[in-house]
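Participant: Summarising the annotation, TrEMBL assigns transmembrane segment to 12-35, 76-93, 100-121, 141-159, 171-193, 199-220. As annotated by TrEMBL, domain 'Phosphatidic acid phosphatase type 2/haloperoxidase' applies to 97-214.
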Amino acid sequence: MTRSSGPTDRRTALVTAAVGAAGMSVLAIVFAAILDNVVDGDGIAAIDTPLTGWVAAHRYHGLTAVMTALTRLGDPLMLVAVMTVVVVVAAGPTRTVAPLGIGALAVAGFLLAVVAVKFVVGRPRPALPHPSVDIDGSSFPSGHSTGVCVVGIISAWLLTRWCVRSLAGQVAVWTMVLAVVAGVGFSRVYLGVHYLSDVLAGWVLGALWAGVVIAAGRLWEARPPTRSHRTDSARTP
């Protein structure tokens, strides 16, 4: 990861981090609002049961097979594999192990956050007569939605920052990530393993944690160079 070359670059990184912090504050408020709805059973949570039942009643075999395959993109092992490939690819242009640290922080953080929130909230899974997938554990938030959002955002950020230079390529990367995030989220509701509010909360939590990780990466870049780095720079003709 290329170190910032001077005070201007460091100020830019700090301003970017500050703007990101404001955005993360908004996401935290939205997550708290969804959680409050779930606890009280009103707001977005009021439509969870009827919507889940309606979707279940309108499944058909072909789409169910597609959704079953698509939802596996949010499995923890799949997310770890994707993140590993991306950070290895990104480590080349940066010539540091910083992408590895960013990837590890992203994955470990979202896993801990999901486990903690699920334990505290303890929301039961949707009660459907014929669920497409049998699964245990707490429903809120959707771990698949959270994970695919975190890994997708961090992967896209790393790739478009250091690997994909063209605007068309960057747009393609972000479009693909958004499509996968949306698809996995929908698959969780379609298969009857999560309510809509679980998925929305997962997306918000995922975006929030991804923002924290990106801000940490930007602040790492903005730190003043070490004495040895300054000496090496001064010796460079």
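Placed from the backbone N, Cα and C atoms, the Cβ positions cover glycine too.
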Participant: Looking only at residues six or more beyond either end of the transmembrane segment (100-121), which have a C-beta under 8 A from one in the stretch?
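Facilitator: Contacts with the transmembrane segment (100-121): 35, 38-39, 76, 79-80, 83-84, 86-88, 91, 137-141, 143, 146-147, 150-151, 154, 158, 202, 205-206, 209-210, 212-213, 216-217.
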Participant: From the DSSP assignment alone, can you count helix, strand and coil residues within the domain 'Phosphatidic acid phosphatase type 2/haloperoxidase' (97-214)?
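Facilitator: Going by DSSP assignments, the domain 'Phosphatidic acid phosphatase type 2/haloperoxidase' (97-214) contains 87 helix, 0 strand, 31 coil.
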